[in-house]
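Asker: Take a look at this one; I'll ask things after.
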């Protein structure tokens, strides 16, 4: 074997789940272009390394369906508005990636042909095989389901090997580390421990889907530049692995 033989990738196909708030930067609303471009550059690094990348982006930086419902809106209508917010974020990410020369496709669970392709599973897989980044918009297309659940569903449909759940902390903790100085980080967690302890990873529907299909989740800190690449390539102790055989402290 030659010395320049490439090391096999731990994950060939991944789904990156971003919250809408991840695009705000230090702002309180909307999209912060430098933050958006920084995330796009990390996605490009993965694609250039040969990783097939799909994304699901929330819409909470623009509108959150649950919040609208608590203010008296019809829940289904509020959720559909949230789905439209995810489409705005998906288009913004597509623009950022394509400005850097990376081919992308936005596939929407709600038909809007002028701005996105309709979601078809086989088409999504084909785009990935051709080296395009696929951005899944509009959640599952159904109210009452979160974008975390959409991420789990789409990851399974495209046969992704892992979900990367981007957050503002470096993994899953026993308590909120900003409020409790005794909080400890987990290196790995079983799905059942996440559900039993009601840990803030994803909603229970999303976790249950991953558990039933043995799909691992890596929860990591998006604010540290380079962590997306490090998590995918297995470089160092990055975040918390959900789906391990046992629960282990970091």
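Backbone N, Cα and C atoms are what each Cβ position is placed from, and that goes for glycine too.
Sequence annotations record features per position, and here Swiss-Prot assigns ATP binding site to 17, 18, 19, 20, 60, 64, 167, 173, 176. Summarising the annotation, Swiss-Prot assigns UMP binding site to 59, 79, 140, 141, 142, 143, 144, 145, 146, 147.
Each of the listed features needs to be described in terms of its position in the shown structure.
Answerer: Residues near residue 176 (ATP binding site) in space but far in sequence (CB under 8 A, at least 6 apart, same chain), listed by position: 183.
Taken residue by residue with DSSP, residue 140 (UMP binding site) is part of neither helix nor strand, so it is coil. Summarising the environment of residue 140 (UMP binding site), the number of other Cβ atoms within 10 Å of its Cβ, over all protein chains shown, is 21.
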Asker: What's the CA-CA gap between residue 60 (ATP binding site) and residue 146 (UMP binding site) in angstrom, rounded?
Answerer: 11
Asker: Out of 19, 142, 146, 167, which of the binding-site residues has the smallest number of neighbouring Cβ atoms within 10 Å?
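Answerer: Selected from the binding-site residues 19, 142, 146, 167 on minimum Cβ neighbours within 10 Å: 142.
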Asker: Just checking, which of 59, 60 (binding-site residues) has the fewest C-beta atoms within 10 Å of its C-beta?
Answerer: 60
Asker: When you measure from the Cβ of residue 144 (UMP binding site), which residues in the chain that are at least 6 apart have a Cβ under 8 Å away?
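Answerer: The answer is 75, 76, 79.
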Asker: If you measure C-alpha to C-alpha, which of 17, 19, 167 (binding-site residues) come within 10 angstroms of residue 146 (UMP binding site)?
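Answerer: Checking each Cα against residue 146 (UMP binding site), there are no hits.
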